[in-house]
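Structure record follows, encoded as structure tokens.
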Ligand code: VG1
Ligand code: CO
């Protein structure tokens, strides 16, 4: 006889639980509303293809504020729904790519990830919940829509009242009807990276006299992983890692690895003339590569990794099957694909769109302009993977006489030309104002004379002839599902373009993202300042969308 009983709790449905680009992200007080988190967890379990009964789920996240409470809720509701086993990271800490790996390695049913990624954490900041499938990747739209549908009409959820799990204690236990295994979430991931990369080569490189390394965990989840990789495996000193203790509010910071928010890394790298610097975001799926005087844009990063893939054992063995980028990401990767004669794909923003291609064996390396780079070794973008990939490449490049990040960049530009890229974010714009910007562009696109017209910059004589425009629609080549309204693009005769879309990860108001890109094969331009070079294009984008008029925002919140 079991001494537990499943309780059905009557609830009232919320109408705002539609998962965005990467899960449901809201402020903590929203998640703390009565039944709010429970409803969403129940809706996830109800939407698992095949149902929740007898499943094994991996659970963990970036350790942000409110995570322990939510893990407790998940344990009870999972038990109420007949879930067989939960595999939880110690202290609830589990990087997003490591969860993806764990799901795959164990052949688990899926995973529940507790993170709002790079968004700040704390009592009044963001929390997030997302579901990943048995391939280790984010649930596709069909599943996130099923979760949303269920959340809108949910009447009750099931739970078993259970004592709190001690998340600090490793090992397996039975709690009422459910098995719980608390695991060290770092070791298996480090071991996996060691299979993928040439650690011996990297080790000799990072210990050479003129090479120094600094990794910044931004108080997110990657701290313990970075210590394991850089200090324990590669034998670097403690001083090679900073901000590597995870904190529930990221020490009050904004754990987003870009030039604005990772300034502590940038400052330290410049001050110490460090050859290789890198940072990752709250949940460990993003990365920034930055050496003294050398910043690698994410769009270039994925192109370079693809170009140098042969020096990475994982690709040397398995080959590079295909390449892909999200639509707003620069076309630098396309040029590498063409040179290598492999397939390449342009998908909507969000990692969930890469999964099908990988599962079908048609995609090996992919990336997004938003500091996301990865491969089919897991089904999430992977910050530390990208960082170690760069070290592997730098070590191999050194052997060919190409020195440091800047050497690799210049070598790449010489071979392929340079793609200048920048993104302007306008955060917390009123939703209707953001809609006006989108409508403005759509009405411009609606005019029959827009394609073929010439748009002029305001501060110079530069002008651009429109060759194409539209609202990006993607048809998944594998399951043929169609995703519409994925961003407005205007392409010009010289290959330049600008893209405008609304963010799907914000928790308050709307965020407008403006992406601009310009390609040059003129070597005298390669050292040009990105913002300077893109200025005419940005002026044209702002004038066409009337962004400043509609939003009153003269300057973006963040430029990357
Ligand atoms: C943003 C990025 C997108 C990324 C997503 C999740 O989405 O633009 O490229 O996949 O964040 O990344 P949006 O809809 O706000 O533009 V993460 O590290 O927040 O999981
Ligand atoms: Co992230």
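Each Cβ is built from the backbone N, Cα and C atoms, and glycine gets one as well.
If you check TrEMBL, you get these features:
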{"type": "REGION", "residues": "1-25", "note": "region 'Disordered'"}
{"type": "COMPBIAS", "residues": "1-20", "note": "compositional bias 'Polar residues'"}
{"type": "DOMAIN", "residues": "17-157", "note": "domain 'Alpha-D-phosphohexomutase alpha/beta/alpha'"}
{"type": "DOMAIN", "residues": "188-290", "note": "domain 'Alpha-D-phosphohexomutase alpha/beta/alpha'"}
{"type": "DOMAIN", "residues": "316-414", "note": "domain 'Alpha-D-phosphohexomutase alpha/beta/alpha'"}
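Confidence across the domain 'Alpha-D-phosphohexomutase alpha/beta/alpha' (188-290), taken as the mean pLDDT and rounded to a whole number, stands at 96. Per-class residue totals from DSSP over the domain 'Alpha-D-phosphohexomutase alpha/beta/alpha' (188-290), listed helix then strand then coil: 44 helix, 16 strand, 43 coil. The domain 'Alpha-D-phosphohexomutase alpha/beta/alpha' (17-157): residue composition by secondary structure is 54 helix, 36 strand, 51 coil, according to DSSP.
Residue counts of the domain 'Alpha-D-phosphohexomutase alpha/beta/alpha' (316-414) by helix, strand and coil are 48 helix, 18 strand, 33 coil (DSSP-based).
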